[in-house]
Amino acid sequence: MSKSALDPVEFLKGALEIPSPSGKERLVAEYLAEGMQKLGLKGFVDEADNARGQVGEGPVQVVLLGHIDTVPGQIPVRLEGGRLFGRGAVDAKGPFVAMIFAAAGLSEEARKRLTVHLVGATEEEAPSSKGARFVAPRLKPHYAVIGEPSGWEGITLGYKGRLLVKARREKDHFHSAHHEPNAAEELISYFVAIKAWAEAMNVGQRPFDQVQYTLRDFRVHPAELRQVAEMFFDLRLPPRLPPEEAIRHLTAYAPPTIELEFFGREVPYQGPKDTPLTRAFRQAIRKAGGRPVFKLKTGTSDMNVLAPHWPVPMVAYGPGDSTLDHTPYEHVEVAEFLKGIEVLRGALEALAQTHAGEKEG
């Protein structure tokens, strides 16, 4: 059991008080690693600035990975009316700290059957996903849990994929009286065509199976002799439309005069409902007094990055309401956070029982 009586709420509060926008996670990683050491875990910071921990010496390898970077924009950290406010309370320092305390509370029997690897990953909120990509080839789990808010009774089975697109049109400048579309108008026409294609793809589909599109930026660069227009948009992709297939469609709709660049290429993922891991979570949620609910998310997470590398049972789980992600009033209910720790610990104990009697090798 844990060597220190660290209070989980106060420990999370301390993590929230350390700003950690993507690319600047080192200080919070050191704080979390030190806390893991105080709780009796092996704790350290790796070369990607991930906060890492390990407990147990069993043959069954379990990865608990949540991200410790946040979007920009600090929120005054405060405990108010049973709610803990702060950037990252939900997305996703809260879920990762819950993972730390769940692992620290494991029984000796569970520690003999499992080796639990904790990863507080960096740059999840950036296109790089630096932390997840660093550990992907270095860890070989039998099970993986991604720390993202699902609500303490929720089990997330999948996330949509994502494709980032830059479109550019450059052409000779001409007088506005000419009956010819300018560079900006050509890009607008292209985006309208993409919207029409996506809407046709979405007919009769539930939200998780729809293609979502968002125009992120549109720029027109003034020039005397050449017109230059650029736009940036992203697509959220359902499992039936992997990034390379989406690129084929986007390229087909683009006139040859429009230059396209593609980034991200996160593969959509949806895991099965019935695995030893989902059964362990369902059991733990019921034991804590809840009713398990499976969820599919229209966003993306490190699950999209890791699923192609780790073909093992994988879910996302964490306390918190995901509708509060990135908002100026992000907070987690303290009772919800503590329930999340209870469920995570219970799921690990149940998983250990599933593998009772197994030997190394």
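Just so you know, glycine gets a Cβ as well, placed from its N, Cα and C.
Together with His67, Glu148, Swiss-Prot lists one candidate of Asp46, Asp91, Asp172 for binding Zn(2+) 1, that being Asp91. Among the candidates His326, His331, His355, the residue that Swiss-Prot annotates alongside Asp91, Glu125 as binding Zn(2+) 2 is His326. Taking Glu125, Glu148, His326 as the binding-site residues under consideration, the smallest Cα distance to Asp69 (active site) is found for Glu125. Each of the recorded positions Glu124, Glu125 was scored by the number of other CB atoms within 10 Å of its CB, and the largest score is that of Glu124.
Glu148 (Zn(2+) 1 binding site) counts 28 other C-beta atoms within 10 Å of its own C-beta, drawing on all protein chains shown.
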